[in-house]
Amino acid sequence: MKRLGGLALRRLAQSLPVLAIILIGLFLLLQLAPGDTVDALMAQMGGGSAEDAARLRTQYGLDAGVAVQLGRYLLRLLTFDLGQSAIYGKPVASVIAERLAVTAMFMSCALAFAFSAGLVLGVLAARRVNGWPDTVISTLGLVFYAIPSFWLGLMLIVLFSVKLAWLPPGGFESIGAGLSGLDRVLDIATHLVLPTLSLALIFLAIYLRLMRASMLEVMNLDFVRTARAKGLSEGHVLWRHVLRNALLPMVTFIGLQFSTMLGGSVVIESVFSLPGLGRLAFESVVQRDLNTLLGIVLVSAVLVIIVNFLVDILYAKLDPRIGANS
Amino acid sequence: MKAVRAYLRSPAGIIGAVLLVAVIAAALSADWLFPRDPMALAGRPLQWPGANPRLPLGTDNLGRDIAGFIFHGARVSLLIGLVASVVAVGIGVLVGAVAGFYGGWVDDLLMRITEAFQTVPNFILLLVLVAVFGSELEVITIAIGLVGWTAPCRLVRAEFLSLRSREFVLAARGLGMRDAQLILGEVLPNALPPVIVYASVTMAIAILLESALAFLGLSDPNVASWGNMIGAGRSVLRTEWYVSAIPGAAILTTVLAFSLVGQGLNDALNPRMQVL
């Protein structure tokens, strides 16, 4: 327990400078953006005099030096104040909070599906390496990796929503159906099937290749030969000895890929009109709502850091060698 | 020559090379086969593929010739992929080489910056860059390069870390070479093979990123980009699904070509490394 505690503290301490760099980078990027908050406000009001602009700049603290503004910006963030959203007329923090649950649920589904399907296919391919199942699975992996997720989403809509009418073409749940309890859960689940498939397929391909390579590597290790030599069945060796060790790199990859997956959700949430963080990011670009967009960057960076932190702890729990020394 | 023969032994590499040559041929022959502006009205909108012999792949909902658009789109995709990869690999090699060669606090600082770039989801960072700097083709291409440099950077850094204290580097240092000479002349050439393999993956990712941006209508609207046509076809998806399907198949083919070439290069150059 002490080992895990120390590791957790070290990892948290390492992520703080990264977060600081992101914040400073965002702030500097904002300085480069043509026009500031006051310009946007004046445009909304339909123009105004130069004196009004100067007064507003003083009011918003935009007349101070860059360093002072950066300090104020960081202080505001410490109190979770992300500013006002220009399109929703509400604090950015509450706009994001409303969208977070949908994205969290969507991401968990996609991650779980990509991980488990990649694992099973990877094991199947590794069991008969260079046999026909391996060739089929590896080829599928290559093709999956090349499919643009948003296009796959559209084609799935054509097939399963338009032609077959099995699944809804978009949305998070049936609006106005007044469902509750288990019915509502099932309704949301049917809405999430197609988006999950579209987002997960490319990651499934990555997990599948990683799992196959990792299984093949572990299968050649000495302890596997020992397990075989003492007369364990092939299935037992595979599932109890090889699989458990081959899983470790897969776990690391959850953390590495989470950020990419979160980025991919922008397009998929837009294709399927899911009211999540990704769609909010798209809307805020279209509407030029920089405050909201930067808030999303910040929240997604924090999410990525949290997921990586959890993955590190999980990894250390699975592999007792990690964090034992130092 | 040995590398070429090793490459040709990989079936993935051969299929990839054939597909890639086809895509490059489409890009080069676009002006000759389809001299008209791909963005212009070519005929009655929404003609199905095969319905009109003059327009083999039909027209989209804006009346554009889909076949001509696909050929001109190949040019756009390859150009964006190439330039964005050069930017990404260029920054990655520079940062990775300095971090790996000097180590210490320089390495610490550069690696924290790399981590910061990796922590922000790359597509969201791309949206921020587009929102701040606009969506002209040049801006988009450089922005795609800017969000993709971390992976080549980590590769180069790892290579430099393992190479910098090898004997040939120490010998060169003993001869009185300056750091720049050591980095560029001695270490970098030995660190490049995995980066070259990875460059094909960078190309594939760059093409996917641009098509996603164009699909959302956030890329340059004046350029014949495949993603742009998929986005336009969305409004007629229920009935004329081919408008979205055809350019998507073109993206798939191109990305698949680069992945397969990457695999072939990997088999030829460093058989022990697994490309993901």
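Glycine residues also receive a Cβ, built from the backbone N, Cα and C atoms like all the rest.
The structure displayed is predicted, hence computed values, not measured ones.
As given in TrEMBL:
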| type | residues | note |
| --- | --- | --- |
| DOMAIN | A:100-315 | domain 'ABC transmembrane type-1' |
| TRANSMEM | A:12-33 | transmembrane segment |
| TRANSMEM | A:100-124 | transmembrane segment |
| TRANSMEM | A:136-162 | transmembrane segment |
| TRANSMEM | A:188-210 | transmembrane segment |
| TRANSMEM | A:246-272 | transmembrane segment |
| TRANSMEM | A:292-311 | transmembrane segment |
Please give the sequence-distant neighbours of the transmembrane segment (A:246-272): residues at least 6 beyond its ends with Cβ less than 8 Å from one of its Cβ atoms.
102-103, 106-107, 110-111, 115, 118-119, 149-150, 153-154, 157, 169-171, 191, 194-195, 198-199, 202-203, 206-207, 210-211, 214-215, 217-218, 278-279, 281-282, 300, 303-304, 307-308, 311-312, 314-315, 318-319
Does the transmembrane segment (A:292-311) make contact with the transmembrane segment (A:12-33) through 3 or more Cβ pairs under 8 Å, each pair 6 or more apart in sequence?
yes
At a C-beta cut-off of under 8 Å, are there same-chain residues at least 6 beyond the transmembrane segment (A:136-162) that contact it? List them, or none.
121-122, 124-125, 168-170, 194-195, 197-199, 201-202, 204-206, 208-209, 212, 264, 267-268, 270-272
Should anything in the same chain at least six residues away from the transmembrane segment (A:12-33) have a Cβ under 8 Å from its Cβ atoms, list it; otherwise answer none.
66, 69-70, 73-74, 77, 290, 294, 297-298, 301-302, 305, 308-309
